[in-house]
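Here's the structure, in structure tokens; my notes come after.
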2 protein chains.
Amino acid sequence: MEGVDHLSHERSKAQFDVDEMKIVWAGSRDAFEVSDRIGRLVASDPAFRKDNRTILARKELFKNTLRKAAHAWKRIIELRLTEEEASRLRFFVDEPAFTDLHWGMFVPAIKGQGTDEQQQKWLPLAYKMQIIGCYAQTELGHGSNVQGLETTATFDPKTDEFIINSPTLTSSKWWPGGLGKVSTHSVVYARLITDGRDYGIHGFIVQLRSLDDHLPLPGITVGDIGNKFGSGAYNTMDNGVLRFDNVRIPRDQMLMRISQVTREGKYVQSNVPRQLVYGTMVYVRQTIVSDASCALSRAVCIATRYSAVRRQFGSHNGGAETQVIDYKTQQSRLFPLLASAYAFRFVGEWLKWLYTDVTQRLQAKDFSTLPEAHACTAGLKSLTTTATADGIEECRKLCGGHGYLSCSGLPELFAVYIPACTYEGDNVVLLLQVARFLMKTVSQLVSGKKPVGTTAYLGRAEHLMQCRSKVQKAEDWLIPSVVLEAFEARATRLSVACAQNLSKFSNQEEGFLELSADLVEAAVAHCQLIVVSKFIEKLQEDIPGKGVKEQLQTLCYVYALHLLHKHLGDFTSTGCITPKQASLANEQLRSLYSQVRPNVVALVDAFNYTDHYLGSILGRYDGNVYPNLYEEAWKDPLNDSVVPDGYHEYIRPMLKQQLRNARL
Amino acid sequence: MEGVDHLSHERSKAQFDVDEMKIVWAGSRDAFEVSDRIGRLVASDPAFRKDNRTILARKELFKNTLRKAAHAWKRIIELRLTEEEASRLRFFVDEPAFTDLHWGMFVPAIKGQGTDEQQQKWLPLAYKMQIIGCYAQTELGHGSNVQGLETTATFDPKTDEFIINSPTLTSSKWWPGGLGKVSTHSVVYARLITDGRDYGIHGFIVQLRSLDDHLPLPGITVGDIGNKFGSGAYNTMDNGVLRFDNVRIPRDQMLMRISQVTREGKYVQSNVPRQLVYGTMVYVRQTIVSDASCALSRAVCIATRYSAVRRQFGSHNGGAETQVIDYKTQQSRLFPLLASAYAFRFVGEWLKWLYTDVTQRLQAKDFSTLPEAHACTAGLKSLTTTATADGIEECRKLCGGHGYLSCSGLPELFAVYIPACTYEGDNVVLLLQVARFLMKTVSQLVSGKKPVGTTAYLGRAEHLMQCRSKVQKAEDWLIPSVVLEAFEARATRLSVACAQNLSKFSNQEEGFLELSADLVEAAVAHCQLIVVSKFIEKLQEDIPGKGVKEQLQTLCYVYALHLLHKHLGDFTSTGCITPKQASLANEQLRSLYSQVRPNVVALVDAFNYTDHYLGSILGRYDGNVYPNLYEEAWKDPLNDSVVPDGYHEYIRPMLKQQLRNARL
Ligand SMILES: Cc1cc2nc3c(=O)[nH]c(=O)nc-3n(C[C@H](O)[C@H](O)[C@H](O)COP(=O)(O)OP(=O)(O)OC[C@H]3O[C@@H](n4cnc5c(N)ncnc54)[C@H](O)[C@@H]3O)c2cc1C
Ligand SMILES: Cc1cc2nc3c(=O)[nH]c(=O)nc-3n(C[C@H](O)[C@H](O)[C@H](O)COP(=O)(O)OP(=O)(O)OC[C@H]3O[C@@H](n4cnc5c(N)ncnc54)[C@H](O)[C@@H]3O)c2cc1C
């Protein structure tokens with residue numbers, strides 16, 4: 001059966017140019033070309049094999065990760081890959097490793113918070129991996145509340161050094177990736193104490209391990225924090241614990257771009273604006289949003305292909321059974337996730353633009369859009385990661401029993417993905433920040449302050465508070481302005497209602513705490529509006545390729561209308577739409593599903609994932625699921641012997657009624 | 001710090017008698033006493049240690065499970081435990097094993113489908129575990145669609161035998177627990193072919209392995225299907241694959257209670273009603289509902305205790321920070337899950353009663369309530385397992401970063417629980433069955449047929465279609481009849497709307513397929529109504545103990561009103577309640593959360609789980625989380641050496657720029 005494409009019939013049904021869609025998905029022809037080339041490179045290199053990952057014990061697994069990381073770096077050097085290519089390579093290797101933190105947090109932290117000299121000193125070492133760094137912020141006792149961190153960095157003017165110390169058990173650094181076993185250095189966040197005063201949390205570059213023999217330096221206790229969710233998954237990462245017993249570092253290892261400690265121990269603010277820090281946050285969160293679209297699209301790709309292969313029920317007089325993807329319940333669970341993957345892709349692209357825009361403004365000392373950009377990225381990080389985590393698990397369920405097997409790829413994808421809901425800001429804590437920003441924006445409306453960017457619609461609050469949807473027939477739900485207005489009206493009404501309820505409290509802070517569950521819902525409504533509006537904006541672009549734009553249009557409305565259905569209570573109870581209009585939306589949604597159906601396999605092909613990257617027997621490109629599932633089973637270590645280890649000690653005595661005297 | 005109770009302050013705040021609540025939770029004083037005693041027995045026996053489960057490789061893990069199963073059985077014999085005690089013991093051992101299928105499926109299948117002689121022959125062997133059995137229904141190609149199974153059992157009149165065969169790859173049995181490595185026997189489902197005709201799926205007792213040396217019998221290929229979701233978790237179970245190459249079994253190993261094949265090969269129906277099969281299904285699904293309440297309550301117990309220990313933000317002038325359980329967002333996510341655990345407990349209890357009732361009626365040849373009972377258990381299985389799976393993951397998120405550690409217990413609990421959404425009927429497929437039953441019930445209303453049991457309310461459809469909720473102030477949402485009517489009206493209106501839309505289709509079956517997503521929602525509404533109404537009924541009972549009933553009342557309304565909020569669109573768009581009434585419900589819900597708050601730790605103490613059973617450092621009874629997290633970390637195999645395996649081969653060459661010539 002080798003070489004047969006079991007999904008060719010599905011592929012032939014597609015009503016659009018898949019190659020052009022691949023380019024839309026990748027972002028540009030160039031990006032596609034790089035991604036495609038590097039994807040194949042990784043897939044064809046046996047050193048990057050990963051199908052055994054879920055059965056390896058922790059130590060083997062970890063050693064294997066070290067090997068792959070070294071091999072990847074070797075290839076990057078040998079092939080003289082560009083930064084973009086190297087980052088795609090790490091993406092396709094698809095295994096969390098210390099290098100993620102080195103490139104993704106350590107280097108950016110030095111870039112963002114180090115002075116020019118510090119950058120000149122440390123970055124070249126980091127770029128060549130002569131040192132390996134991680135990012136040690138979270139402690140056993142404090143994660144979300146960074147201001148509550150307990151590690152201290154006390155300046156000693158006698159020796160011109162900082163003394164880094166862990167005064168309590170809860171001050172132990174806890175969670176930093178790459179810390180446990182690999183990193184030689186770390187950016188460590190600690191309370192800066194000098195001149196008898198506590199100046200709060202600052203970053204310091206601290207060497208942790210000897211560059212000669214890798215042993216922890218004196219005063220440093222460091223190790224791995226132990227097993228995490230799932231098999232394989234994030235256990236390739238050495239998230240670590242770290243304690244300092246009065247460890248001394250030179251003064252110039254404090255990251256001093258924004259504030260300094262002088263030789264005399266005076267604390268000084270530089271004239272570099274503090275807001276710069278937010279720029280880095282916008283950057284990191286933007287990458288998280290784009291990762292969300294990758295993880296979700298991957299799960300959707302697996303579930304879609306398998307749903308086209310899987311048949312169950314509906315055979316009459318011996319014919320083939322129904323493909324489960326033809327069941328409307330399957331469609332109503334799967335297609336919104338497909339649409340979400342595309343939606344998150346486009347909003348991620350837009351965030352990249354936003355980051356550039358913010359950076360340019362910062363350089364021009366224009367801080368006006370920063371709070372809005374910050375709230376927007378925080379909210380989108382929260383929205384997309386929550387939806388992706390839930391979506392991966394839904395895709396697994398959509399695969400029935402077989403989705404529960406590790407070789408479906410979905411369990412590991414879920415386990416490795418979900419911490420994105422927690423790191424870089426717990427998703428609920430982030431939504432509360434968004435809500436705070438929204439309340440501020442609403443409260444400033446009366447004073448005539450014009451809301452900017454993604455909150456601009458609140459400037460039309462008066463209209464949006466009383467407008468009525470004009471939908472009269474199902475097709476009206478395909479008019480961009482109609483959809484947009486419904487989402488704007490909903491977001492406005494929820495925000496304004498919260499603001500009104502808040503104003504009844506004499507103490508605003510108390511009110512905020514009391515109403516926080518409602519506030520979170522208002523924040524979600526705001527963020528969903530952003531995603532919908534950016535998708536609609538995307539459709540305004542010139543998009544070449546036969547049928548490509550039409551498909552994206554369909555997906556855009558699937559995304560919007562499924563949200564409308566899911567949050568119907570918001571829309572109807574605030575009077576944005578009537579029950580009749582809601583049922584027309586539902587009708588339209590059903591008809592959109594029928595339009596997606598013939599294109600659905602091609603729509604996931606457009607992600608251009610290799611079978612290596614997907615890592616799923618159910619999601620194989622050729623749809624040849626059953627023989628491969630069957631073969632895979634026999635590889636389990638339990639099948640090494642026909643009669644299992646333990647038979648003589650435990651099973652046989654049970655069957656033979658000889659347990660009573662057995663020593664177990 | 002040993003012996004200090006960090007949660008004593010929380011416990012002292014409770015406004016009710018926790019010991020009495022423990023009895024309510026257990027179901028009776030007797031049940032409590034047994035459960036408490038056996039729970040301690042297991043917890044204090046080092047042979048049942050399970051804290052190393054997530055780091056064992058598959059073979060070790062499995063061998064360990066065999067040991068525990070043997071030890072458990074030994075203890076059961078030695079202590080002469082009753083059936084109830086033995087089943088509690090297996091419950092507290094808390095490790096999926098072949099014994100689950102032996103006792104939970106193999107024995108009940110023979111009891112339900114075997115003739116008296118067959119029962120007399122096989123049950124004593126099974127009761128003494130002289131044979132170990134499993135339940136082989138699902139195949140690689142067919143799970144939900146049992147009628148599509150491909151394994152054949154062809155009667156050979158020459159030898160008076162059945163020939164069991166696997167004609168295709170997809171006919172391989174796939175998934176049965178206990179099959180892969182342990183079972184000596186199985187109930188195998190296969191197409192019965194005799195007299196040149198295919199009589200569809202029937203059950204057969206087939207011996208798989210030799211009782212002498214455990215080798216598979218001739219013609220049988222059997223093995224484990226490989227790694228499943230998570231570490232530890234369900235990998236202690238040997239879900240298996242099984243192929244038959246024309247394996248012969250005596251005719252009397254067909255399970256013949258309901259139909260027989262005679263010596264001559266004639267197929268005969270017995271006078272035992274076929275409906276008996278449904279009785280077994282009601283039984284099995286009832287146990288799944290009660291398991292759901294256990295799994296959910298366990299997750300809730302962990303998240304609640306940890307949320308009371310964890311503090312984050314809100315410290316002013318150096319005081320203690322806020323316990324995260326005091327945040328309203330935390331409460332609005334956690335408390336409904338606590339309420340759901342109690343709700344599922346009570347509906348599970350009621351299902352036990354329903355099973356007895358159905359059984360008695362069956363014996364009296366009264367089949368009138370069977371379809372309703374069947375739909376009701378199918379729906380409740382689906383509802384409670386979905387909510388529990390989602391709820392466990394929500395509890396994990398509620399624990400922030402630390403919830404992602406295996407030692408929080410939540411990852412394994414999730415991984416081991418989720419297949420409950422798939423086995424014994426995929427949850428969506430089950431809801432479609434419920435919907436089918438509801439549509440039938442509605443369509444029969446016109447003919448005057450009175451709906452029974454949990455559908456009785458549909459008899460008042462006329463009233464429920466046009467009634468308006470009488471709620472005028474928040475407290476009105478605490479009137480049982482008001483809440484019930486809102487849920488009844490919603491369920492009725494969704495069902496009737498579906499029925500009306502269905503009637504527009506000329507082909508009913510096509511209509512059903514087309515509208516299935518809506519139909520599923522109507523089924524969910526119906527099932528939620530059942531849970532709410534059984535909780536309210538429970539409150540009508542005499543419940544002793546200071547404050548106990550009051551707490552249950554609070555939880556009952558939390559359960560109902562959070563559903564109302566979650567599905568607000570259903571309620572408002574069908575006009576059951578007005579937006580104003582919805583916002584009063586929300587207000588009431590907030591006030592209920594405040595009432596739960598001081599009692600919440602005591603409410604999870606009432607589950608009476610030992611620390612052994614919980615298996616969670618975050619959920620420890622004494623709340624002494626941090627020192628134990630810290631200690632646990634060092635036990636990870638990665639910490640066996642300070643410098644990790646692989647340093648010399650991979651890390652050092654990277655740091656020293658010597659990769660180029662390295663062989664990796
Ligand atoms: C896989 C993984 C990798 C990580 N990598 C790193 C790393 O490299 N470096 C590093 O420094 N850290 C890392 N972290 C730590 C991570 O950043 C924190 O776990 C995260 O910030 C969440 O903080 P927490 O764990 O303290 O959660 P908590 O704040 O304890 O959250 C617990 C609960 O409290 C709620 N809560 C908290 N505050 C509030 C509030 N004000 N209002 C309402 N609710 C609230 C939360 O919503 C949550 O439900 C990692 C974590 C994980 C899981
Ligand atoms: C851990 C575990 C243990 C198990 N133990 C046993 C055991 O001991 N013995 C045994 O015999 N089996 C066992 N099973 C198998 C289990 O019973 C099946 O997996 C289950 O019945 C689901 O069937 P499926 O896998 O074929 O799912 P599928 O039917 O293939 O489901 C795939 C998707 O199709 C959808 N779908 C299917 N039919 C329809 C329809 N008519 N309308 C709409 N949508 C539809 C489903 O909703 C799902 O989204 C076990 C499974 C697991 C995961």
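For all residues, glycine too, the Cβ spot is worked out from N, Cα and C.
Residues annotated as active site, proton acceptor in TrEMBL: A:GLU424. Note on A:GLU424 (active site, proton acceptor): other Cβ atoms within 10 Å of its Cβ, all shown chains, come to 19.
Among the features that TrEMBL reports, FAD binding site is placed at A:THR138, A:GLY177. Sequence-distant contacts of A:GLY177 (FAD binding site), defined as residues of its own chain at least six apart whose C-beta falls under 8 angstroms from its C-beta, comprise A:PRO96, A:PHE98, A:ASP100, A:LEU101, A:CYS134, A:TYR135, A:MET237, A:ASP238, A:ASN239, A:GLY240.
The domain 'Acyl-coenzyme A oxidase N-terminal' feature in TrEMBL is assigned to A:17-132.
Per TrEMBL, domain 'Acyl-CoA oxidase/dehydrogenase middle' is recorded for A:134-247.
Within the model, the domain 'Acyl-CoA oxidase C-alpha1' (A:278-439) shows a mean pLDDT value of 95, rounded to a whole number. The domain 'Acyl-CoA oxidase C-alpha1' feature in TrEMBL is assigned to A:278-439.
Sequence annotations record features per position, and here TrEMBL assigns domain 'Acyl-CoA oxidase C-terminal' to A:480-656.
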Return only the integer: C-alpha distance in Å from A:THR138 (FAD binding site) to A:GLU424 (active site, proton acceptor).
10
The DSSP breakdown of the domain 'Acyl-CoA oxidase/dehydrogenase middle' (A:134-247) into helix, strand and coil residues is 10 helix, 51 strand, 53 coil
Proximal to chain B - recorded positions among A:THR138, A:GLY177, A:GLU424, CB under 8 Å:
A:THR138
Measure the Cβ-based neighbour count of A:THR138 (FAD binding site), defined as the other Cβ atoms within 10 Å of its Cβ.
20
Structural state census, the domain 'Acyl-coenzyme A oxidase N-terminal' (A:17-132) (DSSP three-state)
90 helix, 0 strand, 26 coil
